[in-house]
Amino acid sequence: MATPPANLSNVTGPLLLGYLLNYGLYGVLSVQTYIYYTAFPKDPKAFQYLVYGVYLVETMQTVMITYDAFQQFAYGFADPAALDRINLIWFDCCLIDGLVAFLVQTYFAYRIYTLSKSKALSGIIFFMAFTQFSGAIATGILAKIVSAFSKLRARCFIAACFWLGGSAAVDITIAVSMIYILSQYDTSFKETQDLVRRLIRLTMETGSLTAAIAIIDLVLFLVYPLQDYHITPALALAKFYSNSLLVVFNSRVRIPGGRGNESMPASKGAVGWSNNRGRSSITGPSIRFDVEESVWTDPIPLESFGKSTRDGHGI
């Protein structure tokens, strides 16, 4: 049995913050998934399977994390040794984090191929994503074997570096590639220019966020070998990836007159989404859904960006 740490707050604090952050981000993900379900029923089936599949995996992770929390803070109350047990974290943290990151990164590799037609670039990104997933699997297996946080770093050092370092490297590569590819498009259409600018901003925000979380996790793992500070970002890493994916899909929702949609005038006293393919519509004295459809010819493939088209498909 491992010796309990002298300062239990160094163990309970990171675990508690990680659990709370995971729950909070799961709530955000649930809202985003509902918005996607309502607004884009005509999306290609492959994209719908991706969104709903990721949400189901995240739901399973939250359920398993609840079990871990009960084992440590309820059933293991007043038992310091219980805080050192890994329980199901080897699976719900390591394996699921790696799986969700792999799915999201593979989707972005597909988008990059659609935009650039570069098999080499998309292939490199896919290989890097698979490498980090392999590192996550190895970390999870080793964590299952040692079954104690106090022994984790000594056994999982190399695997964790491949996992977290690989995740950050893939995210940075995706962000740089997307920004470069999008910046090469030269179009005179204002709406297309707005779309490109919005996509560049989204790419920078989502890519830098997930990369930053992975780097923070890795740094804490390396700098504080005797503490469990790294468990906080690790417990929330998958939720950051899944929310980033939904942000990209739901970026097609347009609010007339809203920020970033200056070219779309808003009716006085009305708020709505400029998508008429949703599953339901809401009417009332102060809410109206406005529909605006345009057809133009432009060299930039809007469907690759997630722009809704006349046949109801997007992305």
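Cβ from N, Cα, C; glycine included.
Unlike curated entries, TrEMBL annotations are predicted automatically.
Remember, it's a predicted structure, so these values are computed and weren't measured experimentally.
According to TrEMBL, the protein has these features:
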type	residues	note
DOMAIN	167-253	domain 'DUF6534'
TRANSMEM	20-37	transmembrane segment
TRANSMEM	49-67	transmembrane segment
TRANSMEM	87-108	transmembrane segment
TRANSMEM	120-145	transmembrane segment
TRANSMEM	157-182	transmembrane segment
TRANSMEM	202-224	transmembrane segment
TRANSMEM	230-249	transmembrane segment
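Within the chain, the transmembrane segment (20-37) has long-range Cβ neighbours (under 8 A, six or more residues past its boundaries) at 51-52, 55, 58-59, 61-62, 65, 232, 235-236, 239-240, 242-243, 246-247, 249-250, 253, 279.
Nonlocal intrachain contacts for the transmembrane segment (230-249), taken as residues 6+ away from its ends with a CB within less than 8 angstroms of a stretch CB, comprise 14-15, 17-19, 21-22, 25-26, 28-29, 32-33, 36, 40, 43, 47, 50-51, 54-55, 57-58, 61, 65, 89, 93-94, 96-97, 99-101, 104, 107, 149, 167, 202, 205-207, 209-210, 213-214, 216-218, 220-221, 224, 306, 315.
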